[in-house]
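As recorded in TrEMBL:
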- His62: active site, tele-phosphohistidine intermediate (ACT_SITE)
- Glu136: active site, proton donor/acceptor (ACT_SITE)
- Arg61, His62, Gly63, Gln64, Ser65, Thr66, Trp67, Asn68, Arg112, Lys147: substrate binding site (BINDING)
- 8-17: compositional bias 'Pro residues' (COMPBIAS)
- 1-20: region 'Disordered' (REGION)
Amino acid sequence: MALLVLAPSPPAPPPSPAALRRSAVTGIRCSSVQDLERSPAPRPGASLPLLRAAKRVVLVRHGQSTWNAEGRIQGSSDISVLTPKGESQAETSRQMLLSDSFDACFTSPLARSRRTAEIIWEGRDDELIPDPDLREIDLYSFQGLLKHEGKERYGVLYKQWQKNAANFSIDGHYPVRELWDRAQSCWERILAHEGKSVLVVAHNAVNQALVATSLGLGAEYFRILLQSNCGASVLDFTPQTGGGPPNVCLNRLNQTPNSPVAAGSSGGRKTSKRIILACQGTTQSSSEISLGGVGYVPLNMLGTIQSQKTAELLLDLKVNNILCSPQIAAVDTATAICEVQEAADCLGADCVPRYVEMKNLLELEIEDVFQAKQKSFGNIVQAGWMGSMEYKTLERLWAQSKHAWQALLNELPDDSESDRVVVAVGHPTIHLALICRCLDLPVEYMSAFHLDDGSISVIDFPDGPKRRGIVRCTNYTAHLGRWSIPITLPTENDEEF
């Protein structure tokens, strides 16, 4: 394999206090339970300030700007404005968040972000709170260039920005490292606000950095957690009993006004290989059945609707393979997806049914204790509930997920030409583990993500299945319409999210 020759970088500047705090908690990323036993594991939220009460933070990226449409590098410049499409996206986001309660709205001072915030915040009494540290990443000499101009003028330096952004330097600066430090300082002010629910309207890169730093992830995760125009990401923070940094859970990532499975790029790179984690629909309660364990519980009426909604959402894709848990709710959900896919090309007289391979994957099956625990929460499953599971039980699931993730990767061809879409159907529990496997995170991070019944999560592989995937979205539920949970709806006791 040919090696990419990069321009030499100047010596790194001394780390900032925020960077030192991050390095102290990031730890070693482990690929197995055995590795976890040998090294201390990082904890999501360990670098965050203390929190006295539960708080939900919703991050929204601005709508499409004029420079987005032109393919121009914006950085922290303040020249571009929203396009008509961007205004429409912001209005869609306003409608999506209209019934949700917010106590405050922080915004970047840049025009494209502030205008998006003004549209979403219309009709609310409180003033917007501008924060200069929420501006987009500073890209210095790159700012204002069309992308092809960046390639022509800067050659290998531009390639470094594309391939190794965390170590990219320009004009004596390390933009991504500086951004991570800024994001860390933003959390100090956002979490210090007295409101229980806070909206933040900013930009692509800075929202990525906010998500990553809240989870204790370093700058190497830049471009891994996608943020689309007007995409919403939701983070739940709960104080720890006895003090210490708060627990944090990424409730959802990049819930967009448009379909998350529409054709396009991931992080600016064309992708033709994708894994979709489809959570099975809601099941009947254990009191509604008399035979078998929890694993044999079928979908209830709501679950049947959810599975059909997921099948309709995926109709825009040509699914090649469906791998599902052998448990009945997963099989029924997978069957609904398969039947809709195979009927997709049979709308005309010359009907040629589309063949979709569907098979059971034993490694996607979960123990009954996980389903029983999830059911114990009732209609609204508490974010971060996996943290209450017995560690030995999690270890067994974690070991199993390693084989499940590899089986999914094996379904993707290792070439640059073949298109392939693989759908995995199972309980939210196993998909939480698979997301952590994708991100190369240890088992402790399973409680740092949340998935609802009927949701989908999308992972793209623009560099092939042997490289880390790009998470396009997690816990996407907009396709469920009225059968989904509103973004800022609290739990029944209204005390914590």
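Counting starts with 1 at the first residue shown.
Glycine is no exception: its Cβ is also placed from the backbone N, Cα and C atoms.
Automatic prediction, not curation, is the source of TrEMBL annotations.
A map of TrEMBL features onto the structure.
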| residue | record | Cβ neighbours (10 Å) |
| --- | --- | --- |
| Arg61 | substrate binding site | 30 |
| His62 | active site, tele-phosphohistidine intermediate | 31 |
| Gly63 | substrate binding site | 28 |
| Ser65 | substrate binding site | 25 |
| Trp67 | substrate binding site | 20 |
| Arg112 | substrate binding site | 28 |
| Glu136 | active site, proton donor/acceptor | 24 |
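Between Arg112 (substrate binding site) and Glu136 (active site, proton donor/acceptor), the C-alpha separation comes to 11 Å.
Site extent for substrate: the farthest pair of Cα atoms among Arg61, His62, Gly63, Gln64, Ser65, Thr66, Trp67, Asn68, Arg112, Lys147 sits 21 Å apart. Taking the C-alpha positions, the distance from Trp67 (substrate binding site) to Glu136 (active site, proton donor/acceptor) comes to 13 Å. Between the residue listed as 'active site, proton donor/acceptor' and His62 (active site, tele-phosphohistidine intermediate), the C-alpha separation comes to 11 Å.
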